[in-house]
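Colleague: Dropping the structure in here first, questions after.
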Amino acid sequence: MGAGDRTVAGMPRIGMGTAVQGPKPDPIRRAVLRAIEIGYRHFDTAAHYETEAPIGEAAAEAVRSGAVASRDDLFITSKLWCSDAHGDRVVPALRHTLRNLQMEYVDLYLVHWPVSMKPGRFKAPFTAEDFVPFDMRAVWEAMEECHRLGLAKAIGVANFSCKKLDTLLSFATIPPTVNQVEVNPVWQQRKLREFCRGKGIQLCAYSPLGAKGTHWGSDAVMDAGVLQDIAASRGKSVAQVCLRWVYEQGDCLIVKSFDEARMRENLDVDGWELTEEERRRIAEIPQRKINLGKRYVSDHGPYKSLEELWDGEI
């Protein structure tokens with residue numbers, strides 16, 4: 001599996017994630033530029049990550065240096081933040097993202113969460129008063145306008161349950177191309193994958209390694225005994241086993257490392273397959289969702305429980 005392996009929609013199967021704790025523009029710019037030189041072509045960002053500008057700078061530098069022939073050789077995903085998840089704010093928000101990226105379009109624009117906040121609410125912690133009802137129809141109609149204007153080649157969602165996708169599909173004139181959600185061997189998303197496959201929606205995995213080291217991540221994936229046993233028996237790293245498993249599900253995956261050796265390793269999971277026995281053992285791993293989205297739940301907000309946020313699909 002290489003960085004150039006693509007879905008039917010033209011999205012590279014492996015993307016480099018850029019969610020970081022606090023703004024670090026120069027290290028991100030350098031890491032993205034090196035990733036392009038190594039062979040990455042898909043970069044995942046979001047307004048909330050504050051990494052759009054350094055990605056744009058790295059992309060421009062890569063074109064100047066000849067690492068890629070043009071911006072068109074790259075696939076850039078960004079996301080609409082909750083405070084702009086209002087019908088009249090979506091197009092302006094994407095235009096702001098494009099200014100940050102110094103680009104005329106993004107390849108994929110996603111609704112980051114099925115959540116709306118008051119305009120201007122960008123940084124956690126959030127209060128109950130920050131949340132307002134999510135007008136899915138108005139937001140999606142504005143997302144469709146982004147596509148019609150040529151600002152986004154494709155549009156999609158993130159962190160949507162089967163139920164929310166079903167609601168969206170009931171009125172969408174342009175269906176979502178992608179649903180980006182947590183997927184890893186500890187949270188395998190069998191029901192959601194089957195639903196998306198039946199609707200022609202590409203599942204894209206974030207946190208395929210469990211987001212160890214983040215404020216909400218867990219060691220549960222990398223420390224799973226089954227995965228460690230398989231890795232040892234195959235002469236692979238646990239990360240390679242996880243990424244190979246996600247790849248074999250047909251999902252795209254977003255993986256983040258700014259360490260060059262790991263960036264290379266994350267691309268180099270081709271030329272081997274998990275055995276049926278290994279797949280069976282992974283399928284039996286006890287399931288638990290890692291990124292629960294607790295910050296979006298409030299007694300006074302639209303989602304009063306995790307069950308409501310995820311429609312019972314956790």
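Glycine is no exception: its Cβ is also placed from the backbone N, Cα and C atoms.
Annotation comment: Swiss-Prot describes TYR49 as active site, proton donor. The feature NADP(+) binding site is assigned by Swiss-Prot to ASP44, 158-159, GLN180, 258-266, 273-281, with similarity to another entry given as support. The substrate binding site annotation in Swiss-Prot covers HIS112. If you look up Swiss-Prot, you'll see 1-21 marked as region 'Disordered'. Look at Swiss-Prot and you will find LYS79 tagged as site 'Lowers pKa of active site Tyr', backed by sequence analysis.
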Colleague: Consider the recorded positions TYR49, LYS79, HIS112 and say which one has the Cα lying nearest the Cα of GLU260 (NADP(+) binding site).
Modeller: TYR49
Colleague: Helix, strand or coil for THR275 (NADP(+) binding site)? Use DSSP.
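Modeller: The three-state answer is coil.
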Colleague: Name, in the order they occur in the sequence, the residues of the same chain whose CB lies under 8 A from the CB of the residue listed as 'substrate binding site' and which sit 6 or more residues away.
Modeller: ALA46, ALA47, HIS48, LYS79, LEU80, TRP81, CYS82, ALA85, ALA158, ASN159
Colleague: Counting other Cβ atoms within 10 Å of each residue's Cβ, which of the binding-site residues GLN180, ASN266, THR275 comes out lowest?
Modeller: THR275
Colleague: C-alpha of MET263 (NADP(+) binding site) to C-alpha of TYR49 (active site, proton donor): distance in Å?
Modeller: 20
Colleague: Which is it, of LYS79, ARG281: the one of these recorded positions whose Cβ has the most other Cβ atoms within 10 Å?
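Modeller: Its Cβ has the most other Cβ atoms within 10 Å: LYS79.
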Colleague: Cα of GLN180 (NADP(+) binding site) to Cα of the residue listed as 'active site, proton donor': how many Å, rounded?
Modeller: 16
Colleague: Among all chains shown, work out which of the binding-site residues ASP44, GLU260, GLU278 has the most CB atoms within 10 A of its CB.
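Modeller: Its Cβ has the most other Cβ atoms within 10 Å: ASP44.
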Colleague: In sequence order, what residues of the same chain, 6+ apart, have a Cβ less than 8 Å from the Cβ of TYR49 (active site, proton donor)?
Modeller: THR18, ALA19, VAL20
